[in-house]
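K.L.:
Sharing a structure with you now.
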C-alpha cells in the first residue's frame with residue numbers, strides 16, 4: 001500500500017507543464033493577496049511569562065514604541081492569573097490587533113508547584129475556542145478574533161547561575177503548545193563575561209532537559225543567513241526603557257545609572273535590537289504560521305483522536321471523514337444497544353428482587369395478622385366464658401334472693417308463737433339478711449358491668 005507522500009509524488013510526476021501563448025492575468029495573485037491582507041488587518045498575540053517586577057511591561061512598551069499603560073501587579077497574589085489586553089495599532093496602512101497576555105503573580109507564591117498550570121490551561125482554552133469555531137456548520141473565521149498565543153516571551157531572572165526548577169517545568173510544559181523565545185531580563189545587572197557564561201549555561205540546561213524553544217527558520221533563502229546567525233545568540237539579553245536621554249547630539253532610549261548609560265538600541269549594550277528584528281520585522285508571520293500549522297494542528301489532532309476520528313484504518317487504508325463518521329456511528333449504535341440491553345436486564349433483575357422483598361414482607365405481615373387474630377379469639381373465648389359464669393351466678397343469686405324474700409312468711413305460718421317470742425331477734429336477723437342480699441346484689445351488678453366494659 002503506497003503512502004500518502006508516494007501518492008502525491010506520483011500525481012506530481014503525471015502533471016504536465018505547459019507554456020502559455022499570451023498574457024492571462026493571474027500574475028496579480030500576490031497583489032490580490034496583499035490587498036486582501038491589508039484590508040483584513042493582522043493579529044498577533046504575545047504571552048509574557050516571568051516573575052513580578054522583572055520588566056515584562058517595560059519591554060513590551062519598548063518593542064512597540066508605545067506606552068500601553070498596564071496596571072502594576074502586586075507581589076502578594078495568592079495564585080497565578082492571566083490578564084489579556086487587546087490594542088489596535090497602525091503603522092502606515094497596516095493595521096495590527098495586538099493582544100498582550102501578562103502572567104500576574106507568577107513565581108510569587110510559597111508553593112510554586114502548580115504555578116504553570118493556569119498558563120497551560122489558558123493556551124488550551126484558546127485552541128479549544130478556535131476548534132469549536134472551526135467545527136461549526138456555519139463558520140465565521142473571517143470575522144473571528146483569533147486569540148491563540150503566537151509567541152511566548154519567557155523572562156529569566158539574571159542570576160548568573162542556572163535556570164530555576166520552576167522555569168524548567170514551565171517551559172517544558174509549554175514547548176509543545178507555543179513558540180518559546182527565552183529572554184534574559186535586566187541584562188544590565190551582570191557583566192558581559194558573566195552574561196556570556198550564563199547564556200551558554202542556559203542553553204545547555206535547555207538541551208539536557210529536552211526543552212524545545214523556537215528556532216528562527218532557515219529554509220527561506222532570503223532570511224536563512226540572518227536567522228541562522230540569530231539562533232546562535234539565543235537567549236537574548238534585553239533591556240527595556242521608555243526614557244529618552246541625550247547622548248551626544250541625539251536623544252536615545254536608555255537607562256541612566258551613576259556609573260553610566262545603557263542604551264536600549266545599542267547592540268553593544270544588549271540584544272534588544274536583535275529581538276525586535278527577529279520577532280517583529282522578520283519572523284512575525286512565521287510565528288503565526290507555526291502556531292496554526294504545528295501547535296494548533298497537534299492540539300486539533302489529539303482532540304479528534306479522542307473523539308475517535310482517524311485518517312488510517314486497521315489495514316493502513318486511508319479513511320475519509322464520511323467513512324470515519326459511519327464507523328463511529330455504527331460503533332455508538334452498537335454501544336447504545338448494548339447499554340439498553342444491560343439496563344433492561346438490570347431493570348428486570350431489580351424488579352424481581354423488589355418483588356421477592358415485597359412477598360417476604362407480605363408473608364411476615366400475614367403471619368403477624370394470624371398470630372394477633374388467634375390471640376384475639378382466645379381472649380374473646382375467655383371473656384365469653386367469664387360472661388357465662390357471671391350470668392349463671394346472677395341467675396343463682398336471683399333464685400336465692402327470691403327464696404330469701406319468701407322465707408319470713410313461711411316461718412310465720414309454721415310457728416306463730418315462736419315468731420312472737422323471738423320477734424325482736426328475727427326482725428334484727430331479717431334486716432341483716434336483707435342488707436346482705438342487697439349488698440351482694442350490688443356487687444354482682446358492678447361485676448357484670450365491669451365485664452361488659454372489658455368485652456366492649
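Placed from the backbone N, Cα and C atoms, the Cβ positions cover glycine too.
Values in this document were obtained by computation on a predicted structure and should not be read as measured data.
These came from Swiss-Prot, pasted as-is:
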type    : residues                      : note
DOMAIN  : 40-306                        : domain 'Septin-type G'
REGION  : 50-57                         : region 'G1 motif'
BINDING : 50-57, 105, 186-194, 240, 255 : GTP binding site
REGION  : 102-105                       : region 'G3 motif'
REGION  : 185-188                       : region 'G4 motif'
MOD_RES : 418                           : phosphoserine
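Walk me through the surroundings of each of these features.
P.N.:
When pLDDT is averaged over the domain 'Septin-type G' (40-306), the result is 87.
For the region 'G1 motif' (50-57), the residues of the chain that approach it from at least six positions outside its boundaries are 68, 70, 73-75, 77, 102-108, 153-157, 185-186, 240, judged by C-beta separation under 8 angstroms.
Counting Cβ atoms from all protein chains shown, residue 56 (GTP binding site) has 25 others lying within 10 Å of its own Cβ.
Under DSSP, residues within the region 'G3 motif' (102-105) fall into helix, strand and coil as 0 helix, 3 strand, 1 coil.
Sorting the region 'G4 motif' (185-188) by DSSP state (H, G, I as helix; E, B as strand; all else coil) yields 2 helix, 0 strand, 2 coil.
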K.L.:
Given the binding-site residues 186, 192, and counting only Cβ atoms in the protein chains shown, which has the most within 10 Å of its Cβ?
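P.N.:
The largest 10 Å Cβ neighbour count belongs to 186.
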K.L.:
What is the three-state DSSP composition of the region 'G1 motif' (50-57), stated as helix, strand and coil residue counts?
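P.N.:
Split into helix, strand and coil, the region 'G1 motif' (50-57) gives 2 helix, 0 strand, 6 coil.
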K.L.:
Enter the number of other CB atoms within 10 angstroms of the CB of residue 240 (GTP binding site).
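P.N.:
Around the Cβ of residue 240 (GTP binding site), 21 other Cβ atoms lie within 10 Å.
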K.L.:
For the region 'G4 motif' (185-188), give me same-chain residues lying six or more residues beyond its boundaries with a C-beta closer than 8 angstroms to one of its C-beta atoms, as numbers and ranges.
P.N.:
50, 54-56, 59, 155-158, 195, 237-239, 255, 257, 262, 269-271
K.L.:
Which residues, given as numbers and ranges, are at least 6 beyond the ends of the region 'G3 motif' (102-105) yet have a Cβ under 8 Å from it?
P.N.:
47-50, 52, 56-57, 70, 73-74, 77-85, 118-119
